[in-house]
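Engineer: Quick paste of what TrEMBL says about this protein:
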type	residues	note
REPEAT	32-64	repeat 'ANK'
REPEAT	72-104	repeat 'ANK'
REPEAT	105-138	repeat 'ANK'
REPEAT	139-171	repeat 'ANK'
REPEAT	203-235	repeat 'ANK'
REPEAT	236-272	repeat 'ANK'
REPEAT	273-305	repeat 'ANK'
REPEAT	304-336	repeat 'ANK'
REPEAT	337-369	repeat 'ANK'
REPEAT	370-402	repeat 'ANK'
REPEAT	403-435	repeat 'ANK'
Amino acid sequence: METLRKAFEQGGLEKLEQLLAKGVDANAGDRYGETYLHSASLHGQNDVVKLLLAHGANVNATQNIGYSAMEDGSSVLHSAVVTGKVETVEVLLAHGADPNAADRYGNVPLHSACLSGRSPGIVQTLLEYGADANVIGQLDVSPLHSASYYTDERKVEFLLAHGADVNAEDRDYGTPLHRASSATVVKMLVEHGADMYALDKWERTTALHLACTWNRMNVVDVLLAHGMDVNTVNRRGKTALHEVCYRKYYQNRVSVIKELVKRGADINALDRHGKTALHLACEFEQYDVIQVLFALGIDPNIISKKTALHRASDEGNYKSVTILLANGADPNARDEAGKTPLHCAAQNDHGDVVKLLLEHGAEKDATTKGGMTALHLAAFYGQLCMVEMLMGHGMDPNQKDLNGNTALHLAASRHDWLTVLTLLNGGCGLDITNETGETPLSLCVQRRPRKSDYVAVLTTANSLMLHGAVYDVLSAPSRIEAKKIRSEAALVAACVRHWASEPHSRLGAVLAELFDNGMAAAQAYLTKKQASHEQTDRAK
């Protein structure tokens, strides 16, 4: 190859022809398998191409297939397409070049011709010489996918005229309609039968959703003019309006929102999770979107599972809560579990939101369907500061839920001794029983979540006992596991008694002795320890 190239560079066609006439191989290639015909075709040297072909150059020669970028199996015709000269392509095709020869990636010359910057005339020529308009290349991309993406209307026209499949799906993005960004190309595709409701492979969404993403309202208008429903949903049950309202990187989203509503988008539509555009905007802190939605008349109190105010309170989004309340959101609205926004904020320890809700008329003693107040939830989830705040606002610490549990029952059952102490200091009753006759202390002893170790159980039980709670193991309710519960309750009670009399003893050592060796060994241990202390006292 180098010999032929140098001959042409030094002496032109005459020198090159002399070498070929002397028998120099016209198909000689470099280490990558590239022949001089590849090179001449790449540079659009038509006279050289014709001369090489006249001396037996293989018009379908291909590069090697290997690991190098130069070894992708490209044919001579691939090289000619890159340069973009129609005449070179015609010469090769007229000499028998295969228009459907694929490289190592499965791409044929027609794929390359449909990329940006290539002449539409090359696409037309390839198709006229038998190129397959529906050939599938790398990532399952067809020529029409590429032409649609690069918005070349003439290429799209040629492909459609030769039977290109308008609904072919690639591996990532879907159909050519998903890739198209030109309103004219979209119109051509739709009028040739493109499925406007097809979902792409990446986000399972429609061309309408994508057009709104990129603020291509001219494309939106074409789709709507051909009968597409502006409220069509994607796999997640979201309309185009939903999608635009929560993604920060969407271009000019406020103007897109206005245009969608102007074109009939349902501003109060619910997605699959019961969320409106307002829910999503609040959830993702899109304050400019929240304001425009209110200006367009969205209802802030729509409830499917939760209102937008519930979700903003859940997240502790103070600014969203402020905007919602200022625009008529109901601070006492109930979700499907009967929770108010106050419950949501208290459960998640959002003190500033709780204060704001109370200032706007939230009912402090509102209960869920299970009869739980915000204080119940704060105690159950161990939100110590929230418990203090709610009690400071006058919430009744002894109010019972439908199971008869007070906030103290719930904190004790989870062995949260700090919350227990806070509730006790706030006036919670020690001896209040629930519907099954259990006091906070009995719940503490009998319930043992996996995450609670025995030190937590003991500390909580001791906190209750030091405030006067009395535990009667015989009063424990009869259950399948009652024997085990009573045994453990007796052990905990023994620990508590010992701790009360020996405030400086190490709890860990006592507990290990109790639970590793059993009740008898524990009692012997405690007796021995007590005798040791008495002997020490007498010696003093």
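Cβ atoms are placed via backbone N, Cα and C, with glycine included.
Curation plays no part in TrEMBL annotations; they are all automatic predictions.
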Engineer: Which residues of the chain, 6 or more past the ends of the repeat 'ANK' (32-64), have a CB below 8 A from one of its CBs?
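Structural biologist: Tertiary neighbours of the repeat 'ANK' (32-64) are 1, 4-5, 8, 13, 16-17, 20-21, 26, 70-77, 79-80, 82-85, 87-88, 91-92, 95-98, 101, 103.
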Engineer: So what's the average pLDDT for the repeat 'ANK' (236-272)?
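Structural biologist: It averages 92.
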Engineer: According to DSSP, how is the repeat 'ANK' (403-435) divided among helix, strand and coil residues?
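Structural biologist: Final tally across the stretch: 16 helix, 0 strand, 17 coil.
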Engineer: Under an 8 Å Cβ to Cβ limit, what residues of the same chain, 6 or more beyond the ends of the repeat 'ANK' (139-171), are close to it?
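Structural biologist: Those are 110-111, 113-116, 120, 123-124, 127, 133, 177, 179-182, 184-185, 188-189, 192-195, 198, 201, in sequence order.
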Engineer: Using DSSP, what's the helix, strand and coil tally for the repeat 'ANK' (236-272)?
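Structural biologist: Taking each residue of the repeat 'ANK' (236-272) in turn, the totals are 17 helix, 0 strand, 20 coil.
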